[in-house]
Amino acid sequence: MSLWTNVRGQGTDLVLLHGWGLSSDIWGDFADRLSERYRVTRVDLPGLGRSAPAGDMSLETVVESLLAVAPERAHWVGWSLGGQLALAVAAKVPERVASLSLIAANPCFVAREGWPCAMAAEVFGAFAESLVGNEAKTLQRFAALQTRGSVSARDELKQLKAVIADARPQALAAALQLLEADLRTALVGLNCPAQLLLGREDQLVPVALADEALRLNAQLRIQIIEQSAHLPFISHADTVLTRLMSLIEYWDDAHAAG
């Protein structure tokens with residue numbers, strides 16, 4: 001499985017992983033600003049954007065495909081589904097992940113016993129069923145849900161719809177199954193600097209996740225961004241950029257001292 005990538009900038013390596021139903025174009029201006037300071041690799045996930053769908057869309061296979069196109073060592077930034085995949089990468093090959101930034105990402109996206117801070121299983125199932133023969137309308141509804149409650153909902157929705165229109169995803173159902181992964185043990189076992197950025201108004205990843213995530217990993221840095229929904233890197237780009245740069249500088253300083 002060969003994935004489409006775009007590399008811009010120079011310096012410390014960053015990898016950006018996008019969410020379900022979209023392409024890496026969703027990073028837009030945010031990626032441009034990062035590339036002024038770092039060497040940024042954007043990846044289109046399999047069957048989404050310019051990457052061809054894979055016959056095997058298992059978590060293990062997708063992680064291997066990401067590692068095949070990623071720098072040998074990088075700071076990984078994952079949004080939503082991309083955050084889960086970045087977490088899976090860190091669990092599999094920790095030596096290749098300098099730091100981990102999870103943006104509006106849940107290590108266990110679908111609720112289950114003992115993990116209520118997630119999407120209800122019946123809601124997730126209904127969403128998956130709605131894709132059958134109705135992908136375009138389902139994607140539009142999903143876009144609206146991601147922006148609901150944000151201070152800049154209208155602008156975010158416009159950007160989402162533009163990326164969806166260009167992405168022409170070919171593997172929506174298969175990629176959706178990746179969201180069913182339970183990566184809580186990966187979060188527990190993290191041995192790199194990591195942070196979780198959550199939008200206070202997010203309708204998909206509840207803010208209650210903050211406390212649960214800290215119970216799994218007390219070293220996790222957490223910031224809740226007010227007036228933000230599921231796309232804080234668009235609605236509050238300056239805040240998110242500052243957090244990313246802070247974590248990278250922390251890693252750089254620690255290794256310079258060591």
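Just so it is clear, glycine is given a Cβ too, placed from its N, Cα and C backbone atoms.
Within the same chain, residues at least six positions away from SER80 (active site, nucleophile) with a Cβ under 8 Å of its Cβ are HIS18, GLY19, TRP20, ILE103, ALA104, ALA105, LEU204, VAL205, HIS230. The active site, nucleophile annotation in TrEMBL covers SER80.
ASP202 (active site) carries neither a helix nor a strand DSSP state and counts as coil. ASP202 (active site) counts 25 other C-beta atoms within 10 Å of its own C-beta, drawing on all protein chains shown. Taken from TrEMBL, the feature active site applies to ASP202 (among others).
Positions annotated as active site by TrEMBL: HIS230 (among others). Look at HIS230 (active site): DSSP puts it in coil.
Among the features that TrEMBL reports, substrate binding site is placed at TRP20, SER80, LEU81, PHE142, ALA143, ALA144, LEU145, GLN146, HIS230.
Residues or ranges marked as domain 'AB hydrolase-1' by TrEMBL: 14-240.
Take the binding-site residues LEU81, LEU145: by the count of other Cβ atoms within 10 Å of each Cβ, the lowest one is LEU145.
A C-beta separation below 8 Å, combined with a sequence spacing of at least six in one chain, links ALA143 (substrate binding site) to LEU157, LEU160, LYS161, ILE164. Between the C-alpha atoms of ASP202 (active site) and LEU81 (substrate binding site), the distance comes to 14 Å. Taking the recorded positions TRP20, HIS230 in turn, the residue surrounded by the fewest other Cβ atoms inside 10 Å of its Cβ turns out to be TRP20.
As a whole-number mean, the pLDDT of the domain 'AB hydrolase-1' (14-240) in this prediction is 96. Looking at the residues that bind substrate per the record, TRP20, SER80, LEU81, PHE142, ALA143, ALA144, LEU145, GLN146, HIS230, the two CA atoms farthest apart are separated by 17 Å.
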